[in-house]
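Participant: What Swiss-Prot lists as FAD binding site is 5-36, and the listing cites sequence analysis. Per Swiss-Prot, the feature NAD(+) binding site maps to 146-174.
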Amino acid sequence: MKEKTIIIVGGGQAAAMAAASLRQQGFTGELHLFSDERHLPYERPPLSKSMLLEDSPQLQQVLPANWWQENNVHLHSGVTIKTLGRDTRELVLTNGESWHWDQLFIAIGAAARPLPLLDALGERCFTLRHAGDAARLREVLQPERSVVIVGAGTIGLELAASATQRRCKVTVIELAATVMGRNAPPPVQRYLLQRHQQAGVRILLNNAIEHVVDGEKVELTLQSGETLQADVVIYGIGISANEQLAREANLDTANGIVIDEACRTCDPAIFAGGDVAITRLDNGALHRCESWENANNQAQIAAAAMLGLPLPLLPPPWFWSDQYSDNLQFIGDMRGDDWLCRGNPETQKAIWFNLQNGVLIGAVTLNQGREIRPIRKWIQSGKTFDAKLLIDENIALKSL
């Protein structure tokens, strides 16, 4: 009996890890990966950090260059897909080639959510999703240049830190009343706001751009009435999933390809993962997790589901952010206002804990990354704590 052919569409973390997971889980059939980028699949997190700060930055490949040939995975780089071929099971490229598939994994990521007012600036306005974006930003983030960043989420703050370290004059504009409002708890939001302000970043909350004039410098008029002059304008206000191919194939979409918890779409032969996917939970709600670890997890889940194997157990959600000399790691549930703090954030060493009825459900570490491993185990096991003991620095965490 002829083994099935699996095609992976995408060139990022989820795509590469799906290939690795399929081989690790025993798939020996024909395996192809199609990507519109000419690079081997590379890590995205360094784009806003080391790719802007190091003297001679290099893309960090998800898998070693020799892995692909050694594992008999056929790479098709720099190609554009015309149709997924849901009915014919034939992937069609814009160059006319067609490729048969029995199962398909879509991991084509997302684009920056557009902001037409700034997009009209053309090459003077920047977003950050790919290696080419980072290379262009690196060229323009020069000392003493005025940089305006729209959006104070994770990417916006990481870019603010990198631009400041490149000795730019940075202003951040945020519509909300706080920074990192979607994915950090209140005490961490306050810490980050103060950290950036101390570094010289001007952060304008509860504000937005109303009018833009392109001249020798870009003139930005804000809702508050203030006018800013900028040499460089960057924005990061969320993502827009690259779902067009899926829509054209009549797959369910909702700013993302709708999948179940096995990463399966409405077509049982088609799976999706990473930023392009959005999960319909058991209660009907739609949930997207935009993180490096989620891309890895969904790649492993999809591979297992494709092969009819038991699905791996998911660890608590985890992501990290590097800003200035700080490493922050977020794990578990970030909701809620009653967080405990172990240590003193002013010394740039602390851990915030989220206890619910004594059960640890979430935590954020500040330059204490070594503690993430035990914290992960505690969250997974539903361990209960005495709050006073948890924040007592005289008691080693590992002894609790």
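Note that Cβ sites are derived from N, Cα and C of the backbone, with glycine treated the same way.
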Participant: Can you check which residues sit near Q13 (FAD binding site), meaning Cβ under 8 Å from its Cβ, same chain, 6 or more apart in sequence, and list them in order?
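Facilitator: Counting only residues 6 or more apart in sequence, the Cβ neighbours of Q13 (FAD binding site) under 8 Å are P41, E43, R44, V62, G274, W292, A295, N296, A299.
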Participant: Using S21 (FAD binding site) as the reference point, find which of the binding-site residues S146, E158, E174 has the shortest Cα-to-Cα distance to it.
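Facilitator: It is E158, whose Cα lies nearest.
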Participant: What whole-number Å value do you get for the CA-CA distance of S146 (NAD(+) binding site) and L33 (FAD binding site)?
Facilitator: 41
Participant: Let me know how many other Cβ atoms fall within 10 Å of the Cβ of L33 (FAD binding site).
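Facilitator: That number is 24.
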Participant: By CA-CA distance, flag whichever of T5, M17, Q25, G29, L33 among the binding-site residues is nearest to R166 (NAD(+) binding site).
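Facilitator: Nearest candidate: M17.
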Participant: So which one is it: of the binding-site residues V150, V170, which has the fewest other Cβ atoms within 10 Å?
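Facilitator: Least crowded of the binding-site residues V150, V170, by Cβ count within 10 Å, is V150.
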